[in-house]
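Notes for the one structure printed next.
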Amino acid sequence: MKGRTIGRHFRDSLKSISRNGWMTFASVSAVTVTLLLVGVFVMIMMNLNKVADDLERDVEIKVIVDLTADEASITKLEEEIKKVSGVAEVVYSPKEDELNKLMLDFGDDLRLFEQQNPLHNVFYAKAVNPQETAAVAEKINKLDNTFEVKYGEGKIEKLFSFLNTSRNVGIVLILALLFTAMFLISNTIRITIVARRRDIEIMKLVGATNWFIRIPFILEGMWLGILGAILPITLVTVLYYNIHKVLEPKLAQGNLFELLDFSPFIYQVNGLILLMGVLIGIWGSFMSVRKFLRV
Amino acid sequence: MIEMINVYKKYPNGIVAANGIDVEIKQGEFVYVVGPSGAGKSTFIKMMYREERPTTGDILINGVNLATLKANKVPYLRRQIGVVFQDFKLLPRLNVYENVAFALEVIEESPKVIRKRVMEVLELVGLKHKARMFPTELSGGEQQRVSIARSIVNTPKLVIADEPTGNLDPETSWEIMNIFEEINARGTTIIMATHNREIVNTMRHRVIAVEGGLITRDEYGGEYGYEG
C-alpha cells in the first residue's frame, strides 16, 4: 500500500468523523462513559491492592519465649526460627524492650515492674509470603523453648480472605466492564456502519479491495477511542490529584498504609485508558465492518 | 471479449434465472438487453461483473473465467469494468469530484493523474462546473452523469449499465444516451439493460432479448419488440 493511500485513509477517517457528527458524538460518549468507569475502577483497585500489600506486610508472628530459657537456648531458638522454611526475618526483643513498649502505650505507672519484670522475651518473625503466616507460626510453635506463638489468629485469616475476595471481585468487575465497553462500542460503530452499508457496496462495485474499505473504518474506530479517552484521562487525573492531596497527609499519620504516588501511577492509568480506548475502537470497528464485507 | 458458455443459474429459492445461455459479445459493440421483468435480464447483467456467480457454465471476459474467479480477485476484475445503475449509487458524503476520483483512488493512481482524468470525464459528461457539489444537490440526470463519469474514469474496455434511464424523464434520458454513444464511439463496449422502447428503436444497436432465462432473440439493429 502506497504512502499516499495511507494518507488518504487518514484524511477519509477524519472526514467521516466530522461528517457523521451525531454518530461520532454517540460513540465517543459511549467510549467516554465506559473508560471513565474503567479508569476510576482501576484507580480504586490498584490502590486497594497497595493497601492490601501494606497491611499484609505488617502481619508478624510473635514468638513468646519460655521464662525458663537461658541465654544459650534463646540464641539457639533464634537460629532455629531462622531456619524454618518461609521465614523472612526475625527480630529479637528482650523483655526490657517489651516493657518499654508497654510503658509507651500505658504510661509510666508500669515503671514499678522494672524491678521484677513479669514479661517474656519475644521474637518477632515475618513470613516470606504473608498469606502463609499461619503455617509458619505452626512450625515455629513446634520448636523447643517457645511458650506461645501468636499471629492474630482468626483476625489474620479474616483479613486475608477479605483482601483476596476483594481482589478477585475487582478483577472480575474490571473484566466485565471491559467486555461491556467493547460490546457497547462495537455496537455503536456497527450502527454507523449500517448507515454506510451502501457506501461499502459502492466501494466494492468500483473495485476497492476489502482492506481498502476496512482501513478507514478501523482508523475511525481508533479516533473514536482516542476522542473518548480525553475526558476520562482528564477527570481521572484531576480526581486522583485531589484525593491524593487530601488523603495522603492523613494516612501518613496512621502509618498503616499509603496511597500510590501520583507520579508514575497516574501516567500508567492514563496510558491504560488511552490504550484501551484505541484497542476497543479498532476492535469494535473491525468486528462491525467484517459482516458487511461479505457482500 | 465476453463469452458466455452454457450458463445456468439457479437461486437458492429455486428460481432459474439463466437456463443455458450462450452468447458472444465483441470489443466495441453496443448491446441492448431487453425482456420483461423477472425474465433473467438482471441476472444476465449481474453475472458479467461477478455480482452473481453462475451455478454451472463459464463466463469469460478477456480470457478470465468469472465462474472460477476467486473472491479476492474480484476487485481487480471490477476495475476493468465500469458499472452504471438505475439508482446511480453515488457516495452521498462525497462531492461530485470525490465520487469520480474514488474509482481511481481505489487503484492507487497518482493525484496528478487523478485530477487530470477526473476533470476530463467531468468535461465529457458536462459537469465540470458542478465538481464541488454533493449528489443531493443535483438533478437525477446530473447524478446519472456523475455515475457514468465514475464508470469510465479508469478507461475500462467494458461499461455495463443496468437500466440507466429507468429513473429519468425522456429528455434527460436522451442526454444520457448521447453520452453512452460518445463513449461507445471511443471503442468501449457497452452492455445496457433497458425497458426504454423508444431509445432502442431510435438508436439502433444489437438487441439481445432474454425471456425465461433464455436468449429468445439476438439481432443487430433490432427493435425493442415488446408492447409499451
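Cβ atoms are placed via backbone N, Cα and C, with glycine included.
Quantities reported herein were computed from a predicted structural model and do not represent experimental measurements.
Positions annotated as transmembrane segment by TrEMBL: A:21-46 (among others). Note on the transmembrane segment (A:21-46): residues 170-171, 173-174, 177-178, 180-181, 184-185, 188-189, 191-192, 195, 224-225, 227-233, 235-236, 239-240, 260, 265, 269, 272-273, 276-277, 280-281 of its chain, located 6 or more positions outside it, place their CB under 8 angstroms from a CB of the stretch.
Per TrEMBL, domain 'FtsX extracellular' is recorded for A:59-146.
Annotation source TrEMBL lists transmembrane segment at A:169-190 (among others).
Each residue of the domain 'ABC3 transporter permease C-terminal' (A:171-289) gets a DSSP state, and the totals for helix, strand and coil are 107 helix, 0 strand, 12 coil. If you look up TrEMBL, you'll see A:171-289 marked as domain 'ABC3 transporter permease C-terminal'.
As annotated by TrEMBL, transmembrane segment applies to A:211-241 (among others).
Under the heading transmembrane segment, TrEMBL lists A:265-286 (among others). Taking Cβ pairs closer than 8 Å, the transmembrane segment (A:265-286) reaches residues 31, 35, 38-39, 42-43, 46, 178, 181-182, 185-190, 193, 214, 217-218, 220-226, 228-229, 232-233, 236-237, 240-241 in its own chain, all 6 or more past its ends.
Mean pLDDT for the domain 'FtsX extracellular' (A:59-146) in this predicted model: 83.
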